Amino acid sequence: MLTFTKAILCAVVLAKYSIAAPAVGSSAPASSLASTAFASASSAVSSAFASASSAASASASSAASVSASAVASSASNALAHSGSTAPSSTSSAPPASETVPFASDDPNGPLWSEDSTSDPEAIRDTLGATVIGPQNIPIALQNPDLLAPPTTDEGSVQNAKWPFALSHNRLQTGGWARQQNVDVMPIAQSMAGVNMRLEPGAVRELHWHKTAEWSYVIKGSVQVTSINSDGQNYLGTASAGDLWYFPPGVPHSLQATDDDPDGTEFLLVFNDGAFSEDSTFLLTDWLAHVPKEVLAKNFKTNISAFDHIPSRQLYIFPAGTYTHVNACAAPPADNAKAVSDPQGEVPSPFVYHLSQVKATQLDGGSVKVVDSTTFPVSQAIAVAEVTVEPGAMRELHWHPTQDEWTYYLEGDGRVTLFAAQSNARTFNYNAGDVGFVPASFGHYVENIGNTTLRYLEIFATDRYQDISLNQWLALTPPDLVKAHLDLDDDTIAHLSKTKYTVVGPS
């Protein structure tokens, strides 16, 4: 039960609060509000007396008399201090400047480039100090926003950059392969990548994976072969700028053509961040670990037929490596056809000729999007090939449910990842670098170089999706946008109700 002392204290607070903070939209004069507050306080005291025990009635009456006087005095003092001016008939939230400070206008661009001739220092405006210990100058020049980050960076975001140049390379006769996975970039849990090179005629041997395999040809061309679980086969050629895709478990081979005297180089992406190229299921590796008696029984032939199979995996091998009279791995013919198949060919091709697709031209760049709606067999990976001209940027956006694995083909880019809870980190990217953006992280991609920036946005999904910040604000009630950002009417009127995707220079 409420005691007399607590009741009186509550009544005093109620009286003061009612005068100091009148209800929003109230037009009553201050004197009226004070009377109302005093009446509420008196009512609270009376209720306390009514519920008190009869044994303390005399004492309670005396206390009530004294306390009521105190309440009246307190209410009068509160009214005097509040002034006699009545509150406005309308009320609104305080301006942003009265809630939090305005965002700083301090310059936050990159402070140097890879071509700078002076040594980079850990200084931005009045912050930081010179580097007086050892410094890897080339790496510091490539990463200005790590050594001297913009003041908008805050908190902690995992490293989201990995140059393939730092990956251990597996050298083979006829080519090489290097990879990126969670071992070197732990943030990239959903996808991993391999950069592979084959000389003309060289073969990435017959193999398959537990994950899907998606590829983008960087240079040259590759002939691919495969069959599906229904025994239907496929043969096709992917040239520079083209894609191929093999579902999980579907066996295939890759062979460089001699269309380019250098052979080919390509990017492989797998929808598992823990993927390792060393864990591939290889034809030669398997047969080397099966008793020859079993091989003879399986293929209904003599054991001697397998006298020349390799004792260990080939992985990558060049044209014409075997001395056996029947062995041959010459560059494939331009007019090569799939082996005649009684089951027919696969219903959906494993190669997509992205190089022949016309890009959508944008203000400051271009984009090509490929997902399962245009490349039906690609059920686990989608891509956007984006170009950004100097001074332009891939607009502020995010991808609702899917991580973005990014590969930079040419140019110099800058990306800030917003990870919520005031965590933001800026990274710089060059050709050959891998980037990663977790799902729903806000970001942009800015061209900070003097040449076209071209890169791939790759997602472990069947459908490409993104949300534009500009479009979101344009399609939100203007008063709501203004209440958040205090933008003027002209700025709000210029918000775009359609996606820019790439924003040209101002």
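Just so you know, glycine gets a Cβ as well, placed from its N, Cα and C.
Taken from TrEMBL, the feature signal peptide covers 1-20. Residues or ranges marked as region 'Disordered' by TrEMBL: 80-120. According to TrEMBL, the compositional bias 'Low complexity' annotation covers 80-99. The annotation domain 'Cupin type-1' is assigned in TrEMBL to 164-307, 352-493. The Mn(2+) 1 binding site annotation in TrEMBL covers HIS207, HIS209, GLU213, HIS252. Look at TrEMBL and you will find HIS397, HIS399, GLU404, HIS443 tagged as Mn(2+) 2 binding site. The active site, proton donor annotation in TrEMBL covers GLU457.
For the binding-site residues HIS207, HIS252, HIS397, HIS399, HIS443, the ranking by surrounding Cβ atoms (within 10 Å, all protein chains) places HIS443 first.
Same-chain neighbours of the Mn(2+) 2 site beyond HIS397, HIS399, GLU404, HIS443, judged by a C-beta within 8 angstroms of the site's C-beta center, are, in sequence order, TRP398, VAL437, PHE441, GLY442, GLU457, ASP466. Within 10 Å (C-alpha to C-alpha) of GLU457 (active site, proton donor) lie the following binding-site residues from HIS209, GLU213, GLU404, HIS443: GLU404.
Residue counts of the domain 'Cupin type-1' (352-493) by helix, strand and coil are 22 helix, 64 strand, 56 coil (DSSP-based). Highlighted in sequence order, TRP208, PHE246, VAL250, PRO251, THR280, PHE281 have their Cβ within 8 Å of the centre of the Cβ atoms of HIS207, HIS209, GLU213, HIS252, the residues recorded for Mn(2+) 1, and are not part of that set. In the predicted model, the domain 'Cupin type-1' (164-307) has a mean pLDDT of 98. Of the candidate binding-site residues, HIS207, HIS209, GLU213, HIS252, the one lying closest to HIS443 (Mn(2+) 2 binding site) when CA atoms are compared is GLU213. Long-range Cβ contacts of GLU404 (Mn(2+) 2 binding site) within its own chain (separation 6+, distance under 8 Å): GLY435, PHE436, VAL437, GLU457, ILE458, PHE459. Rounded to the nearest whole angstrom, the C-alpha distance between GLU213 (Mn(2+) 1 binding site) and HIS397 (Mn(2+) 2 binding site) is 27.
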